[in-house]
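Undergrad: After the structure tokens below, expect a handful of questions from me.
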Amino acid sequence: MIASSWLLVAFPALGALILLAGGRRTDAWGHLLGCATVLASFAYGVALFFASDGKPTDTTLYSWMPVADLQVDLGLRIDALSLVFVLLITGVGSLIHIYAIGYMSDDTDRRRFFGYFNLFVTAMLILVLGDNFVSLYLGWEGVGLASYLLIGWYQWKPSAATAAKKAFIMNRVGDVGLALAIFLMWKHIGSVSYTEVFAGIGDVDSGVILAIGLLLLLGACGKSGQFPLQAWLPDAMEGPTPVSALIHAATMVTAGVYLIARANPIYNATPNAQLAVVIIGAFTLLLGAIIGCAYDDIKKVLAYSTVSQIGYMMLAVGLGPIGYALGIMHLLTHGFFKAGLFLGAGSVMHGMNDEVDMRKFGGLWRTMPITFVTFGIGYLALIGFPFSAGYFSKDAIIAAAFAQEETWRAWVFGGAAVLGAGLTAFYMTRLMLMTFFGKRRWTELKSEDGRDFHPHESPPVMTIPMMILAIGSAGAGAFFVFNGQLAEWLAPSLGALQEAEHGVVPHSAVPFIVVGISALGVLLAWLIFGRREIAVERQPVGAVVRAARSDLYGNALNEAVFARPGTWLSRALVYVDNKGVDGFVNGLAALLGGSSGRLRRLQTGFVRSYALSMLVGSFLLVGLLLMVRFA
Amino acid sequence: MTLLLAIILLPLVGAVAVAGLRANDRLATAAAFGFSLVTLALVAPLWLSYDPDGARLQQTSSIDWIPPFDIHISFGIDGIALLMIAVIGVLVPMIIGLLGFTDKLPEGRSAGGYLSLILVQQSLTIAVFAATDVFLFYVLFEVMLIPMYFLIGGYGGKGRQYAAVKFFLYSFLGGLIMLAAAIGAYVHAADELGTGTFDWETLAQVVPNAPLTTQIWLFLGFFLAFAVKAPLVPFHTWLPDAAGEAPIGVAVLLVGVLDKVGTFGFLRYSIPLFPDASKELAPLVLGLAVAGVLYGSILAAGQQDMKRFIAYVSIAHFGFIALGIFAFTAQAQVGAVTYMLNHSLATGMLIIVIGMVIARGGSTTISAYGGMAKLTPVLAGMFLLAGLSTLSLPGTNSFISEFLVLLGSFETRPVFTTLATIGMVLAAVYVLWLYQRVMQGPVRGDALLGASGGPGAVEAPETGAKKSVRDVSLKELGVLAPLVVLIIGLGFYPKPALDVVTPVVDQTVSIVSTASDSEGSNE
């Protein structure tokens, strides 16, 4: 059973191959094949889940990059952690694939869309199943490719093309971090496989371990949209909504959390890297929540909510053995409710002629009752309404943040997490009120072909996945109530979940604080957006909102520090290369050779010029040589 | 006659035959294609008969040429040469296949003339990789410039004359300096053995005993020739002109194969003959290598012309190769050698795809295009795949080599390697930006919309695009398909290529590590 685990990857890989290489011939049934392959993987995953005891079993498929003493295999690890991810990816993935049949029904390239979607599932499964860091890297950049292709799905829109490119490049920055971490492992431990790297940590200098931890964190920040590499994720909403749900909410963006949880033996050995993870998590959860309060674009709000929620997960896995399982727990519940919320948002857009501006929604609960109810359940789960999925998973993280040994850390990070909960309640309530409640603010919709267009509920192929995810959002909580069953299951991969013993705030008080703060957030949102009319036009705003709407100037910073100087440098060097390196040589030759006109006409001129250029090159070389030797 | 000799001579026979068919273009093309396929077919038994763990040089043969100086015409291959010969074998049929699609002959010129030059070039290039006599290597190194000179100068774009002369002179002068160094090696052998020789195996025994200063001067002589060929910054300025003006097929041959003679030279001549100097001067070469990675990448991003873009991308990639060679670890050097193969495939495909774009739009300027994916989705997909291989995405062939280069180099040269990893990000920038400008966004640009009203400017009614802008034809797909299979196949299963070169590289690296340690080689 476990020996054939490659089948998990093979199904969607085959699907992608057939759909992308088959071309238009597969148009008629492509979407069905796309769903079937993911469902097959899901079924196999479920069977594996029951057959496995959660202990790591590595299966080597074949030797991938063997060079002298370097052994890099393409291998799969089946253990508690990877199986949980397999179920999330293929389970939620199947639902979103089915939803996409409806959502993409008007797109003439729907078959290609499913090809990319299958490609994504393949890469994501390789990422979580790899039994060494290079296999993980294969999946890691593979999902980056799928994400690039799908963000840029509407590639004729310049904004979509730019967003896709931005996502890939910012991810590449993170990927360099991951790559350098792997190089360090090879240099100091002499292996890239999980088993040997984790076993060899004890013998390595602590500075090296710290460096590995920080470089892995850089990789995690890129993939998971964490500060300072968060700016690509909101732009990624240019992709079709099922993409946002699957890749940019439920699965791919949580890969950073997976990486840190997977590398837990490394982080356990380096408290300073752990602290860095916690700081990034706490900072990003606030950053995302603050910006989420300001946007009017429903998908952007959800995107920043994702940034913020992943901040919670990072915070959790940065806490070490008291947090790893909690981070994964929140990752799972978030996978359910955020996927549900995105599908709901997609359903709203589907019914509203692709409008995303919440100021032009209002009162939609009447016209889209199923969307309203399923979205509402996701909303309650996200703000942590008592006994919903988010209530259990988020509260546990906040309690753990308060339970750190050092008091200042407990107050700072616990406080940030509580504040984030309040902000979450505020922006999500705002979103609910603006979208589903109040008076209708939409008028006279016209579709592209000029027909009248009335907001309507989506077809069953879309609403049924939404209902299942809503049930998951509500019910997944119950799964965790039974005394931390998930944590127990994950113990073989992450170590036993240590109970936080002491805390600056009593453990039992945490739920009350969180619910109280969240209630405050809801109330505030209602006072501002529920009682009053919402203007359809943009209103003048204060400095804080303006800053938040500018993504707290994250993009401006990137632009000023990297993009613009980069462009200048490139232009300047092109000039130097054309005029300088060549021109210098030509000019010098002209000076020495007399007439520059003669030089251009005669080949002898060429000879002199090139001979001279060689000479100049040689002088440069000798000069460098002297510098090197006497340095 | 060894199999190797047959592979060297067959294209030459083909060239003569094809030159005789100048009256009939179709027949000439078919004949040239046939000869190139048979050559490719002969590479298979060559590969199978090669024993990676056997002697360094296999398939050896030798005849006297200039006895007074102990100069022989002798050939033989190691794993590195085998890989290069295989890649020439794969690429030449494609280059011939491109004639008529991406490459149009100038008025009044026959296919026979062009193709026989291509076949001569193939034969000479294989011979350069196979030569085991240093003097013979020098002669071939220079002679192989001649067909390329005529291919660029006779069949290229507007600035072809300038580009061809520049190409020739740069390489030729570099070669002359190498000749001086080769004679120096001969003299040293004469001092030590009593009789001078140009035989590579003998020189590899004797020259490493030379004092460091002598080694350094001789090393620099060879290095200059190879640095021009490869090319490394600042000896690179001939390549953008040559690649920019050459016809597409010739550019594939030039960038894909000919340039590799430079990096091959480092591996076969510079390091084994002058190990102490190689070790001593490694920081200098590594500095140029990393400078090349960054400089080439930044300039690639700034190019306005698609063909020059490829030249700068290659300069960046040659930086990675040089880094891998001079880091002196088995992983890095195996990475570098496979990089030579993978760069041929990835960049070869990129050149071909860009050629297909240019054949449709008629312009090499990037800004003359835009939104082409909407008109030619399959071509766009191929463009992207070639680009992804160029930026070394895992799952493509280039990832294996770039990853091994960096992983192995980091072990001995962490600072240089960390700087080079910036090239990974820059590669994403220049590839995806080019893709965005040419393929994405709304359909736009003179080349596609035919605003200039040139030939083929009849508009297709639904998009307003030129009639000539059609998606890839079946024949074009036939040229691209083998590359697609190799790029993805070697990405997931590179073992055959790695296994062939690992023993040779192990040997090369051990030459350096056992070389007398004159000074510490710390950075």
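Note that Cβ sites are derived from N, Cα and C of the backbone, with glycine treated the same way.
Note that the structure is a prediction, hence the values are computed from the model and not measured.
Features from TrEMBL:
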TRANSMEM  A:6-22  transmembrane segment
TRANSMEM  A:29-51  transmembrane segment
DOMAIN    A:64-114  domain 'NADH-Ubiquinone oxidoreductase (complex I) chain 5 N-terminal'
TRANSMEM  A:80-101  transmembrane segment
TRANSMEM  A:113-130  transmembrane segment
DOMAIN    A:131-418  domain 'NADH:quinone oxidoreductase/Mrp antiporter transmembrane'
TRANSMEM  A:206-222  transmembrane segment
TRANSMEM  A:243-261  transmembrane segment
TRANSMEM  A:301-322  transmembrane segment
TRANSMEM  A:370-391  transmembrane segment
TRANSMEM  A:411-433  transmembrane segment
TRANSMEM  A:461-482  transmembrane segment
TRANSMEM  A:509-529  transmembrane segment
TRANSMEM  A:610-630  transmembrane segment
Undergrad: Sequence-remote contacts (6 or more beyond its ends) of the transmembrane segment (A:6-22), Cβ cut-off under 8 Å?
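TA: Apart from its flanks, the transmembrane segment (A:6-22) reaches 30, 33-34, 36-38, 40-41, 44-45, 48, 59, 61, 76, 86, 90, 111-112, 114-116, 118-119, 121-122, 125-126, 129.
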Undergrad: Do any residues of this chain, six or more beyond the ends of the transmembrane segment (A:509-529), have a C-beta under 8 angstroms from a C-beta of it, and if so which?
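TA: Non-local partners: 383-386, 391, 394-395, 398-399, 402, 418-419, 421-427, 429-430, 433-434.
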Undergrad: Sort out the residues at least 6 away from either end of the transmembrane segment (A:29-51), same chain, that have Cβ-Cβ distances under 8 Å to it, and list them.
TA: 1-2, 5, 7-9, 11-12, 14-15, 18-19, 22, 78, 83, 86-87, 90-91, 93-94, 97-98, 100-101, 104, 110-112, 114-115, 117-118, 121, 125
Undergrad: What is the number of residues in the domain 'NADH-Ubiquinone oxidoreductase (complex I) chain 5 N-terminal' (A:64-114) that are helix, strand and coil, as DSSP sees it?
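TA: Tallying H, G and I as helix, E and B as strand, the rest coil: 29 helix, 8 strand, 14 coil.
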Undergrad: Limited to the domain 'NADH-Ubiquinone oxidoreductase (complex I) chain 5 N-terminal' (A:64-114), I'd like the whole-number average of pLDDT.
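TA: Across the domain 'NADH-Ubiquinone oxidoreductase (complex I) chain 5 N-terminal' (A:64-114), the average pLDDT comes out at 90.
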